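*Asks:* Below is the structure I would like to discuss, written out as structure tokens.
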Amino acid sequence: MAFKIIASQCTQCGACEFECPSGAISFKTDRFVVDPKICTECRIEFDAPKCRAICPMPNTCVPA
């Protein structure tokens, strides 16, 4: 499984893109998106998903 970003809640601060260790988050057209083929949910590198931890808005970066 991968994560997704709820666009209607996203402030577009870009913190998640910068923090993502796998480079799965990018800005496309008018929103940040997570590429499910690249997203590792930070399982190997960290105890929790970095996008979820860094996001200033609760429940914006969620399991897909």
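We number each residue from 1, going along the chain as drawn.
Including glycine, each Cβ sits where the backbone N, Cα and C put it.
Copied straight from Swiss-Prot:
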- CYS10, CYS13, CYS16, CYS55: [4Fe-4S] cluster 1 binding site (BINDING)
- CYS20, CYS39, CYS42, CYS51: [4Fe-4S] cluster 2 binding site (BINDING)
- 2-30: domain '4Fe-4S ferredoxin-type' (DOMAIN)
*Asks:* Are there any residues at least 6 positions away along the chain from CYS39 ([4Fe-4S] cluster 2 binding site) with a Cβ closer than 8 Å to its Cβ? List them or say none.
*Replies:* ALA2, PHE3, SER22, ALA24
*Asks:* Where CYS51 ([4Fe-4S] cluster 2 binding site) and CYS10 ([4Fe-4S] cluster 1 binding site) are concerned, what is their Cα separation in Å, rounded?
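*Replies:* About 12 Å separates the two Cα atoms.
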*Asks:* Using the alpha carbons only, what distance in Å do you get between CYS20 ([4Fe-4S] cluster 2 binding site) and CYS10 ([4Fe-4S] cluster 1 binding site) once rounded?
*Replies:* 16
*Asks:* CYS42 ([4Fe-4S] cluster 2 binding site): which of the binding-site residues CYS10, CYS13, CYS16, CYS55 is the nearest Cα neighbour?
*Replies:* CYS16
*Asks:* Reduced to three states, what secondary structure does DSSP give CYS51 ([4Fe-4S] cluster 2 binding site)?
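*Replies:* Helix, per DSSP.
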*Asks:* Setting CYS10, CYS13, CYS16, CYS55 aside, what same-chain residues sit with their Cβ within 8 Å of the center of the Cβ atoms that define the [4Fe-4S] cluster 1 site, listed in sequence order?
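*Replies:* These residues sit around the [4Fe-4S] cluster 1 site: ILE5, THR11, GLN12, GLY14, ALA15, PHE32, CYS51, ILE54, PRO56, MET57, THR60, CYS61.
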